[in-house]
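Q: Structure provided below as structure tokens; questions to follow.
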């Protein structure tokens with residue numbers, strides 16, 4: 001396939017995965033975005049300019065994750081590789097459990113979609129499959145692609161697959177208009193590998209059953225009845241096991257929940273996500289002021305839910 005454009009712009013939302021009980025399946029897109037511009041070059045050179053998060057830390061050549069994803073997208077449809085100039089404006093915090101790596105992967109794949117002659121050859125389902133291949137799991141990639149809240153799974157009944165385990169799939173939920181989010185972001189980082197490394201190989205059957213019930217309830221709470229969010233975000237599957245590698249985060253989650261707020265660890269942490277109702281915003285603000293008084297190293301953000309997902313435009 002030939003290229004059909006030489007200059008594109010991509011916008012990808014931050015995401016919060018798990019949402020408490022929905023380990024590796026539920027995710028939410030947040031209105032806090034990374035932006036990317038890509039220009040093709042007439043040479044083999046690859047240049048990456050980064051402003052914001054990761055500037056001076058991430059690679060500035062073909063080793064950059066966005067470049068890896070973009071080239072994976074081009075290879076998938078048989079489009080030629082070309083020289084590239086990437087301009088990245090990064091607002092999603094790195095290493096905080098807000099989907100920065102998924103945003104990088106999805107932005108690269110969306111850039112490939114914009115560059116190729118037939119954008120539909122990299123439709124949303126294909127982007128999700130390729131992103132899961134690169135990321136290892138779809139819980140952040142799905143809301144980044146589709147927006148809103150998503151339920152992701154790997155289909156074991158499909159006849160073809162881009163992964164050995166099955167075909168990544170996702171369903172988008174219509175989030176109730178009263179639901180809003182607050183994220184409390186620490187200055188410290190935590191690698192996803194570290195957070196996954198403390199999880200046990202098996203959990204008690206009762207804990208698994210409890211958490212499965214809460215995950216089902218959370219789908220209903222997000223879409224139809226936000227008054228149930230506190231109960232629906234209970235979890236016995238992963239967050240408690242991770243407390244040893246993020247003690248300050250886990251302490252804040254517990255204290256918020258003790259005061260009636262639906263707080264969870266965002267993704268692999270260490271950011272705290274609070275889902276709630278718009279009419280309860282003042283109460284949450286007062287609680288956060290109380291709990292964070294005299295502390296440092298936390299930033300409170302109130303992003304709207306991104307209901308659109310990643311977008312690409314030709315320039």
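Don't overthink the numbers, they just go from 1 along the chain as shown.
Placement of Cβ uses the backbone N, Cα and C atoms for every residue, glycine included.
When I checked TrEMBL for this same protein, it listed these features:
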BINDING   93, 94, 95, 96, 97, 98, 99, 100, 101, 102, 103  ATP binding site
DOMAIN    65-148  domain 'GHMP kinase N-terminal'
DOMAIN    227-283  domain 'GHMP kinase C-terminal'
Q: If the ATP site is taken as the center of the Cβ atoms of 93, 94, 95, 96, 97, 98, 99, 100, 101, 102, 103, which further residues of that chain fall within 8 Å of it by their Cβ?
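A: Result: 14, 92, 267.
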Q: CB neighbours of residue 103 (ATP binding site) within 10 A?
A: 29
Q: According to DSSP, which kind of secondary structure is residue 99 (ATP binding site) found in, if we only use helix, strand and coil?
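A: DSSP assigns residue 99 (ATP binding site) to coil.
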Q: What three-state class does DSSP give residue 93 (ATP binding site)?
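A: Its secondary structure by DSSP: coil.
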Q: Non-local Cβ contacts of residue 101 (ATP binding site) (under 8 Å, 6 or more apart, same chain)?
A: 65, 135, 140, 192
Q: Over all shown protein chains, what is the count of other CB atoms within 10 A of the CB belonging to residue 97 (ATP binding site)?
A: 30
Q: Over the span of the domain 'GHMP kinase N-terminal' (65-148), count residues by DSSP class, listing helix, strand and coil in order.
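A: Residue counts for the domain 'GHMP kinase N-terminal' (65-148) by secondary structure: 51 helix, 9 strand, 24 coil.
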Q: Which one of these binding-site residues, 93, 95, 99, has the sparsest Cβ neighbourhood, judged by other Cβ atoms within 10 angstroms?
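A: Across 93, 95, 99, these binding-site residues, the one with fewest Cβ atoms within 10 Å is 95.
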